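Before any comments, here is the structure.
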Amino acid sequence: MNESVILALTAGEPAGIGPELCLQLAQEDRGVGVVVVASKALLQARADQLKLDVALSDWAPGQPVATGKRQLSVLHVDGCASYHAGVLDAQNSAYVLDTLTVAARGCLAGDFDGMVTAPVHKGIINDAGIAFSGHTEFLQELCGVERVVMMLATEELRVALVTTHLPLKDVSAAITSERLSQVSRILDADLKTFFGIEQPRILVAGLNPHAGEGGHLGREEIEVIEPALEKLRSEGLSLIGPLPADTLFTPHWLDQADAALAMYHDQGLPVLKFQGFGRAVNITLGLPIVRTSVDHGTALDLAGTGKADAGSLHTAIRVGASMARCGKAAIKENQL
Ligand SMILES: NC(=O)c1ccc[n+]([C@@H]2O[C@H](COP(=O)([O-])OP(=O)(O)OC[C@H]3O[C@@H](n4cnc5c(N)ncnc54)[C@H](O)[C@@H]3O)[C@@H](O)[C@H]2O)c1
Ligand SMILES: N[C@H](C(=O)O)[C@H](O)COP(=O)(O)O
């Protein structure tokens, strides 16, 4: 499993901490080939601001990747209009999305074994008139797949979501039998392929307080969730629930499970981030490519200070590389 991998690393929002986290990587030896997909001028400007000594070298598919200290391979993307740390500029939005497109297409073409993303700012991209919910939905569309799953993970806990970046008022209608089935199957399959779990045991949260309290506090559990889980169990999936979300995240349940499936973003992610913010990874399951990300946002308050913690980026690279190796191994196995 020591096959070498090359990961594309998008530097994210130019005003945020993404560019300097990429530069921080270059301060140490790396066991994984990382190509930063970004404006070279932006990286140089942030390196100058932080007085970081990094040699940025242009990279093209097929060339070796720099892995030594104070060296960074860069796949340059044009169009970054301004480089001010902490100051958002809507004119940079198209460039930010271009970096994602270049990295994802590079993965699809086989130039990269996976992509890792530094944070983007969803608000400024929308301010530029471009509808954008997040990397997850953007990559789903780019790769042309019907459903993907957002999962955040630490060493101790994995939390996947049935719905992602959706206003709370729209969540109930989005919890359909079809979506639950697609999400559960993707989660089950990718836990097997990328994490080596033979029979994943998945805790499923209810939507309502106390999982609906027998229908007295909401009927989604009785009408949608339970029947969908029953059908999935008959297919062989190991699903426990729907469980009251307030007590699902306790050792009693977690000790006997491989992942928790929450119905919506802020039902699951606050628990995960309380438990491991700064060392967790955000993974998009169900894509034809490997994609991992940091667990934090653009942290405009820290950008340009050099104080941003690179712990989550290290996790995202480590997990991305491991997933890429597992994906390659699975392909080989299926070809035999
Ligand atoms: N992967 C992504 O692209 C991603 C993830 C989360 C949020 N976001 C976006 O980021 C923007 C800002 O979001 P937010 O303010 O809610 O969250 P945030 O994570 O940017 O900031 C929350 C707090 O955590 C701190 N923080 C974040 N990263 C840190 C790091 N590496 N080291 C030390 N401290 C850190 C910040 O200083 C801030 O106090 C939003 O547009 C949001 O949508 C993007
Ligand atoms: N939901 C993510 C989080 O809270 O960390 C974050 O918004 C990033 O999502 P994308 O990977 O879809 O950009």
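Keep in mind that glycine also has a Cβ here, set from the backbone N, Cα and C atoms.
For H135, T136, K273, N282, R291, the entry in TrEMBL reads substrate binding site. Under the heading divalent metal cation binding site, TrEMBL lists H165, H210, H265.
A Cβ distance below 6 Å to any atom of ligand 2 is met, among the binding-site residues H135, T136, H210, K273, N282, R291, by H135, T136, N282. Put simply, H165 (divalent metal cation binding site) is 14 Å from N282 (substrate binding site) when counted between their Cα atoms. Nearest Cα neighbour of K273 (substrate binding site) among the listed binding-site residues (H165, H210, H265): H265.
DSSP classifies R291 (substrate binding site) as strand under the three-state reduction. Counting other C-beta atoms within 10 Å of each candidate's C-beta, the binding-site residues H135, H210 are led by H135. DSSP classifies N282 (substrate binding site) as strand under the three-state reduction. Proximity of R291 (substrate binding site) to non-local residues of its own chain (separation of 6 or more, Cβ distance below 8 Å) is seen for A104, C107, G114, M115, V116, T117, H135, L139, I283, T284, G320, given in sequence order.
A C-beta separation below 8 Å, combined with a sequence spacing of at least six in one chain, links H265 (divalent metal cation binding site) to L161, T163, T164, H165, L166.
Here the Cα atom of H210 (divalent metal cation binding site) is found 29 Å from that of T136 (substrate binding site). Counting other Cβ atoms within 10 Å of each Cβ, the binding-site residues T136, N282 show the lowest value at T136.
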